[in-house]
Amino acid sequence: MNLCKILLVLLSLAFGAGLGDMSLAAADDSIGQLASDSESVGGEIGFDEGWIVVIGLVAAIAFSAGFVHSGIGFGFGIVAIGLMPLVIDARHTHLLVSLCAVPVQMGTVWAYRRGVVWRPLLFALGGALVGLPLGLWLFNSINLDWLTRGTGVALLMMIAYSFYNRGAARKRTEETTDVFDESEVAPSEEKDDVAGSTTIGIASGFLMGAVTMPGPPVVAFALQQDWDQEQFKAFVNQFLLALSVFKVVGLLATADISQQSAIESALIIPAALFGIAVGKRFSTRLSAGGFRTLVAVGLAVVAVLLVVKGSG
């Protein structure tokens, strides 16, 4: 309960700070939009008082997202994507979260490195290389208002899907009490796994490129496999890390990452990693179910706000 109270305070601060900053941005547009107002064609960077305030709020959100990620094993991108558009615009949010996701995922991947399942992972990554460029094309083409509203819709779908997954995982645990003989696996089932992993790679790659939330397809696929917990977490996190690296490379190739974005992400990453460290320290006292429910409710409120408000 103490941990839940701590998180509630953190999220409340993030909500309050974000809402307060939206009012401030209405009076001074340079405070609410880091990318558009502090960059120029020549690459000039401006660090005024408004920029310092906003980067501090974004770092606080990154800390909260890291805290959640450490507590439940995933969720950095979901929390960050949900809260940051309250402070900065949606397009800039996706750029910063994409850059921050790489170091955040690296720690989790290292922790579960022994559970790697190479065959489905490689096919999924092959599919991601197909889907990611399509998602990046949509990201660069879509109107900012629709991107903001689409992020809110995707967030609501992700939250609903997470509750569905919890029920499916419970059911799957009950069904695996019978002994399973691996020698009975037919070649056709292996082909289905190849097709399935490639398909979820394409879908997750597209979602990563478009809205930076690639989780549902890969988690759904992993839940259907006869893997232990370490293999499950290894597959999901290794895939998401590689996908994050792919997206950063894609953003560099399309010149979407500016010097300003790189500096801002370098300032935000330590806050995210510190949040992970703090969350890990308190995770032993955590009631996972209650924690996830609390986070889901808070994010649902944010998602509705994004859908209703858009970029206006």
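Heads up, the Cβ atoms here are built off N, Cα and C, so glycines get one too.
Quick look at what TrEMBL annotates:
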- 1-26: signal peptide (SIGNAL)
- 51-83: transmembrane segment (TRANSMEM)
- 95-112: transmembrane segment (TRANSMEM)
- 118-139: transmembrane segment (TRANSMEM)
- 146-164: transmembrane segment (TRANSMEM)
- 200-223: transmembrane segment (TRANSMEM)
- 235-255: transmembrane segment (TRANSMEM)
- 261-279: transmembrane segment (TRANSMEM)
- 291-308: transmembrane segment (TRANSMEM)
Long-range environment of the transmembrane segment (261-279) - Cβ separation under 8 angstroms, sequence gap at least 6: 34-35, 45, 55, 58-60, 62-71, 76, 80, 92, 95-96, 99-100, 103-104, 107
Tertiary contacts of the transmembrane segment (200-223) (same chain, 6+ residues out, Cβ under 8 Å): 74, 77-78, 81, 94, 97-98, 101, 120, 123-139, 142, 147, 150-151, 154-155, 157-158, 161, 165, 168-169, 172, 232, 235-236, 239-240, 243-244, 246-247, 250
Among the ranges 51-83, 118-139, 146-164, 235-255, the one whose Cβ pairs under 8 Å to the transmembrane segment (95-112) are most numerous: 235-255
Distal contacts, the transmembrane segment (146-164) - CB-CB under 8 A, six or more residues away: 78, 81-82, 85, 89-91, 93-94, 139, 207, 210-211, 213, 215-216, 219-220, 292, 296, 299-300, 302-307, 309-311
